[in-house]
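Novice: Here's a structure for you.
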Amino acid sequence: MAKPAKRVAVTGAAGQIAYSLLFRIANGDLLGKDQPVILQLLDLPQAQGAVKGVVMELDDCAFPLLSGVVITDDPKVAFKDADVALLVGARPRSKGMERKDLLSANAEIFTVQGKALNEVASRDVKVLVVGNPANTNAYIAMKSAPDLPKKNFTAMLRLDHNRALSQLAAKSGKPVASIEKLAVWGNHSPTMYPDFRVATAEGQDLTKLINDEEWNRNTFIPTVGKRGAAIIEARGLSSAASAANAAIDHVRDWVLGTNGKWVTMGIPSDGSYGIPEDIIYGVPVTCENGEYKRVEGLEIDAFSREKMDGTLQELLEERDGVQHLLG
């Protein structure tokens, strides 16, 4: 018996990240190889032609799991009964634009989208914000959707997590899949803190395998933090395929579970680890039965505290910068 189709809404559907994302969703990479999907694609009125072109390509792939496609410029149509919402579209920073202008431009977008989700999405909708500043955009959407559970709103730190995994695998000479118990704390920005103090590779303690605190502080942390900028420098374009891949990883794990493995998600803080409530902050989690659960009881040393508080400070400033726009 075929499963009923799940509705997956994707914003910024004409953009580069979406172009790397939509074909994989239609192929079953997001929700499983036995789960039909209906794609509900949102973009601006002037982008509708480009979205239609992408949908022509989706049609031409003849994906067995793709049960239907909706193209719209209306958030209430895009989010209608959505089971998953991938908020990819955001206002990019243009030349000479102040950060506060970027925050307020995005506050407008994510307030509208949060309200639409609140009105029409499934009450169990899983929302992932990819568009930057992702944590604060997720916070704005969450605040604009008071009737939905706060836990439904998450921000993407999986790209930072995957970038950190790759750097650790290269440094330790161990396969990337063997690395466990990595955490990334805080904001999806250069201030986030990748933390491998308790991580293992093939069951061995990674800090002993690498044994280089100077590398950790002066190479590893800045490399992960500035990787996006390095890709723009090299490619002339921002990381789109790796961001799409991280979005797939994030939602697939949330829906289908991590089998006890740690992953990183930006989630509403509950006050643990000295991070105040009412903020979306990256923490290590495990997922099962469609729910995430933060990893508890980790020791926080002085260096980690400093890094975690630094990224928290940035998040609090961003939150304060949009508070007046939230009514």
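Placement of Cβ uses the backbone N, Cα and C atoms for every residue, glycine included.
What you are looking at is a predicted structure, and each value in this text was computed from that prediction instead of being measured.
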Novice: Which of N27, N106 shares the NAD(+) site with G12, A13, A14, G15, Q16, I17, A18, Q113, V130, G131, N132 per Swiss-Prot?
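Specialist: Only hit among N27, N106 in Swiss-Prot's NAD(+) site, alongside G12, A13, A14, G15, Q16, I17, A18, Q113, V130, G131, N132: N106.
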Novice: Given the binding-site residues Q16, A18, G131, find the one whose Cα is closest in space to the Cα of R93 (substrate binding site).
Specialist: G131
Novice: To which of the recorded positions R93, R99, H188 does the lowest count of other Cβ atoms within 10 Å belong?
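Specialist: Among the recorded positions R93, R99, H188, the sparsest Cβ neighbourhood within 10 Å belongs to R99.
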Novice: Judged by the number of other CB atoms within 10 angstroms, which among A14, A18 is the least packed of the binding-site residues?
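Specialist: Among the binding-site residues A14, A18, the lowest count of other Cβ atoms within 10 Å belongs to A14.
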Novice: For the binding-site residues Q16, N132, which Cβ has the most other Cβ atoms within 10 Å, all shown protein chains included?
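Specialist: By the 10 Å Cβ neighbour count, N132 comes out on top.
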Novice: Just to verify a number: CA distance, A18 (NAD(+) binding site) to N132 (substrate binding site), in angstrom, no decimals.
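Specialist: Per the Cα atoms, A18 (NAD(+) binding site) and N132 (substrate binding site) stand 14 Å apart.
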